[in-house]
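Okay, so here's the structure we're looking at.
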Amino acid sequence: MAAMENKVICALVLVSMLALGTLAEAQTETCTVAPRERQNCGFPGVTPSQCANKGCCFDDTVRGVPWCFYPNTIDVPPEEECEF
C-alpha cells in the first residue's frame, strides 16, 4: 500500500512541477541588470520600441551606461524525475 501512495505523491509532484515549469519557461530572461554590467544592444538615439524590437531591454534612467541593453539569462535548474 505504501508503494502505491509514493507513486501517487510522485505523480502529483510531477504534475505540479510541469504546471509551474510552463510558467517559468515563459520568462528565461530578465531586464534586471546592474547598470555597469549592461552590454550595449542599441545605437545612439534608439527608441524604446526599436530596442524592444531587437529583443533588448530599455532603461534611460541611468546616465553614462547603455540604455538599450541585452537582458540577463535566468538559469533554470533541470527538473528532477521521479523513479517508478
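The backbone N, Cα and C atoms fix where each Cβ goes, and this holds for glycine too.
Disulfide pairing as given by TrEMBL: among Cys31, Cys68, Cys82, Cys51 connects to Cys68. Looking at Cys31, Cys56, the record from TrEMBL puts Cys41 in a disulfide bond with Cys56.
Of the listed cysteines (Cys31, Cys82), only Cys31 is recorded by TrEMBL as the disulfide partner of Cys57. For Cys57 (disulfide bond), the number of other Cβ atoms no farther than 10 Å from its own Cβ, over all displayed protein chains, is 23.
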